[in-house]
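What TrEMBL annotates here:
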ACT_SITE  R234  active site
BINDING   Q110, H112, E137, H215  Zn(2+) binding site
DOMAIN    6-153  domain 'Phosphomannose isomerase type I catalytic'
DOMAIN    164-196  domain 'Phosphomannose isomerase type I helical insertion'
DOMAIN    276-318  domain 'Phosphomannose isomerase type I C-terminal'
Amino acid sequence: MAALKVFPLACVVQQYAWGKVGSNSMVARLLASSNPLVTISEDTPYAELWMGTHPRGDAKIIDRRVSQKTLGQWITENQDCLGSKVKDTFKGQLPFLFKVLSVETALSIQAHPNKELAEKLHLQSPEHYPDANHKPEMTIALTSFQGLCGFRPIEEIVTFLNMAAGNNMEDICGELLLELHQQYPGDIGCFAIYFLNLLTLQPGEAMFLEANVPHAYLKGDCVECMACSDNTVRAGLTPKFIDVPTLCEMLNYTPSPSKDRLFPPTRSLEDPYLSIYDPPVPDFTVLKMEVPGSVTEYKVSPLDSASILLLVQGTVTVRTLTSQAPLPLQCGGVLFIGANENVWLKLSVPKDLLIFRACCLL
C-alpha cells in the first residue's frame, strides 16, 4: 500500500488567560465542531489552536494506519513530504507554525528579532530567548480584529500629546485607554495606543509583522502564521520579562500611516476562489479559499511543499489518489497534506466553504 501523505490532525489548544472564554471563543467552537467528544468548558479560556510541529504543541495524527503518533515524528521519518526545496532550505523541519487566536484581553506589546539578533540573544540569554530563529508573523482576521502595529506618523503622535490635557475622551481613544488600564492597572504600555497605529481588521484583511516592528493584539479572532520560533522582546501590557535595552536598540522607529500596515492578498489567476497572502519571507505563505456552496467538488492544488489545511466553514469529504475511502472533514477540521499531493474536497451540503492553508512557497 502506498504511504499515506494526507491525514487529519488533532491540534493542541493553549488556554492562556487572555483568551476568550468558553463558547465565545472561536478556537473552542472550531474544536468542538470538529470533534463531537469535546465538551466546551464555559469558564475556561481557549486562546490559541496550534497546527504544526512545535515542541510545545506537536499535532497528533488521528489516522490509525499511521504508526507515528505526532506530525513532528512523522515528518522526521518522511522527509520527502516537505518538498525538495523546503527540506533542503529548512534542514528537514516544517518551517512554519499555523494558529487560530481568540483574543479577549490584550496581549503584550512586543517585537520579534531578526535572525542575526535572534542568534545573538539566544546565545546570551537562552532562558528568555529559547531558540536562534526569527519570528515574522502574519495575522488574517476571522472576525473584527483590533491590534496595534508600527509607529504612527509623527503628526498623529504630536496631536495626541497636545490633546491629552483635554477633557474629550473620544478624541484620545479614552474608552480603549480605560479598558487597557483595567486589564493592566498602572502599566505604562497602556499609552502605546498614542504612539502605535491602531488597526481594526475586517474578516479577510491582514497585517504582516516583520522583524523589529512593535505590535500588540487587542481583541478578536484571527488566523496567524509565523516562522517556528518563541523569540519575543516585550515592551508592556505584561507581567513577563521586559528587555528595555534590547527593545530600544532593535525597534524599527519608521513612522507610517495605518493603511500602510495592511497586507492585501493577491487573487489567483488560475483559481477564482483562491487568495494568496505571500509575505516577503521564505518561511510561510497562507492561501485562503472561499468556495461557493454551488460548487459540488473543489480541487486543492498540489504544491511542492507540505501544507496544513484548516476548514473554518462548511463540511466536506476528502479524496486523494491513494485514499481507500473518503475522509469526512467537519468545520474546524485540520488536514496535513504532503508535498505534490492531489486532494479533492466534495461538499457534503451546499453551503459555502472557508478554508485556510499554510505552506512554504520557495
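Just so you know, glycine gets a Cβ as well, placed from its N, Cα and C.
Curation plays no part in TrEMBL annotations; they are all automatic predictions.
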Would you count the other C-beta atoms found within 10 angstroms of the C-beta of Q110 (Zn(2+) binding site) for me?
24
Sparsest Cβ surroundings (other CB atoms within 10 Å) among the recorded positions H112, H215, R234:
R234
Other CB atoms within 10 A, centred on E137 (Zn(2+) binding site):
23
As a quick check of your reading of DSSP, tell me how many residues in the domain 'Phosphomannose isomerase type I C-terminal' (276-318) are helical, how many are strand and how many are coil.
0 helix, 23 strand, 20 coil
H215 (Zn(2+) binding site) to the residue listed as 'active site' - Cα separation in whole Å:
10
Inter-residue Cα distance where the pair is R234 (active site) and E137 (Zn(2+) binding site), in Å:
15
Cα-Cα, whole number of Å: Q110 (Zn(2+) binding site) versus R234 (active site)?
4
Which residues, same chain and not among Q110, H112, E137, H215, have a CB within 8 angstroms of the centroid of the CB atoms at the recorded Zn(2+) site?
A111, K135, L209, V213, P214, T232
Residue pair R234 (active site), H112 (Zn(2+) binding site) - Cα distance, angstrom, rounded:
9
Average pLDDT across the domain 'Phosphomannose isomerase type I C-terminal' (276-318), rounded to a whole number:
97
